[in-house]
Amino acid sequence: MIDPLASPGSAPLIVIAGPTASGKSALALRVARRFNGVVINADSMQVYRDLRILSARPSVEDEAAAPHALYGVLDGAEVCSVGRWLALADGAVAAARAAGRLPILCGGTGLYLKAALEGLASVPEVAPEVRAEARELLAALGPAALHAKLAELDRAMAERLRPSDAQRIARAYEVVRGTGRSLMDWWSDPVATPALPGRPLLLVIDPPRAAQRAACDARLLAMVAAGALDELALLLARRLDPALPVMRAVGVPELARTLRGEVGLAEAVERAQGATRRYAKRQGTWIRTQLRPDRVLSESLVTQLSESQLTDIDNFLYAFLLTGAS
């Protein structure tokens with residue numbers, strides 16, 4: 001069905017987006033098996049080898065059922081910026097097409113998805129000493145205080161960021177200090193890195209709130225049962241910089257407290273469940289307001305869709321692949 005000789009600009013690209021625990025991976029796997037596809041990760045935590053369980057990466061069985069790419073490819077000591085991910089994704093899409101397979105992006109990291117569909121503005125390299133200053137201030141003062149400093153230099157950007165969002169606060173601070181321009185100004189410049197080549201079809205999963213919250217709670221319990229605490233103990237033993245993305249993944253700070261003996265397991269799990277629900281809510285809001293889907297699946301979680309509903313999705317995709325109509 002996928003012509004490896006087709007022009008990259010006209011070749012189909014399926015994008016499946018949605019909040020955590022909504023069933024994205026299950027749908028992507030189904031599409032990959034039915035349409036000879038490769039599932040390509042668009043989740044900023046699932047790129048790390050250290051977090052198979054806590055990032056809800058596809059299981060070994062799922063990875064054996066269909067090809068997957070960009071899952072567990074980076075060490076936790078690294079940072080996977082949007083630009084770096086976009087370059088990796090571009091290579092993965094090209095490799096899928098060269099093999100005659102359908103590339104299927106799957107994830108909930110909004111900035112990754114937006115870059116894939118719209119491209120990425122160019123932000124110049126910040127001088128190492130300015131970057132070091134931002135990291136030192138973050139370590140010494142904490143994210144909330146650095147957020148206040150950012151507001152003095154770039155109020156508009158500060159208003160977009162939560163005071164606890166350490167990584168993005170430090171990035172915004174170093175850009176405005178190093179370039180004299182807000183990161184928002186750089187984003188508004190003409191695109192320097194193009195979107196992923198192809199004819200995209202965007203499916204968004206937007207399940208009912210109650211079902212989403214229940215799925216988040218159940219997933220966290222399943223992670224703990226599957227060995228999340230053992231996985232986390234290995235990560236903490238590495239003594240990585242607490243500001244690294246892998247150390248701030250949803251569930252990591254909350255469950256780490258029980259490993260340090262600060263709270264009991266039940267309280268840590270409850271806190272991690274709450275963090276997961278809040279994260280899913282933010283993801284859903286961002287996706288609804290920032291992306292332009294070709295189809296929204298809002299009836300239920302993917303895992304609760306009937307076979308007839310799933311078949312309808314298959315037919316929708318089949319029509320797109322044959323004609324380009326959505």
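Cβ atoms are placed via backbone N, Cα and C, with glycine included.
The range from 43-46, 207-210, 271-274 that Swiss-Prot describes as region 'Interaction with substrate tRNA' is residues 43-46. Swiss-Prot tags one of the stretches 122-126, 167-171, 277-281 as region 'Interaction with substrate tRNA', and that stretch is 167-171. Each of the binding-site residues GLY18, PRO19, GLY23 was scored by the number of other CB atoms within 10 A of its CB, and the lowest score belongs to GLY23. Across the region 'Interaction with substrate tRNA' (167-171), DSSP classifies residues as 5 helix, 0 strand, 0 coil.
For the region 'Interaction with substrate tRNA' (43-46), the DSSP counts in helix, strand and coil order read 0 helix, 0 strand, 4 coil. Same-chain residues that are not part of GLY18, PRO19, THR20, ALA21, SER22, GLY23, LYS24, SER25 yet have a Cβ within 8 Å of the Cβ center of the ATP site turn out to be GLY108, ILE205, ALA215, ALA280, LEU301, VAL302. Comparing CA positions across the binding-site residues PRO19, SER22, GLY23, LYS24, the one lying closest to THR109 (site 'Interaction with substrate tRNA') turns out to be PRO19.
Within 10 Å of the C-beta of ALA21 (ATP binding site) we count 27 further C-beta atoms, all protein chains included.
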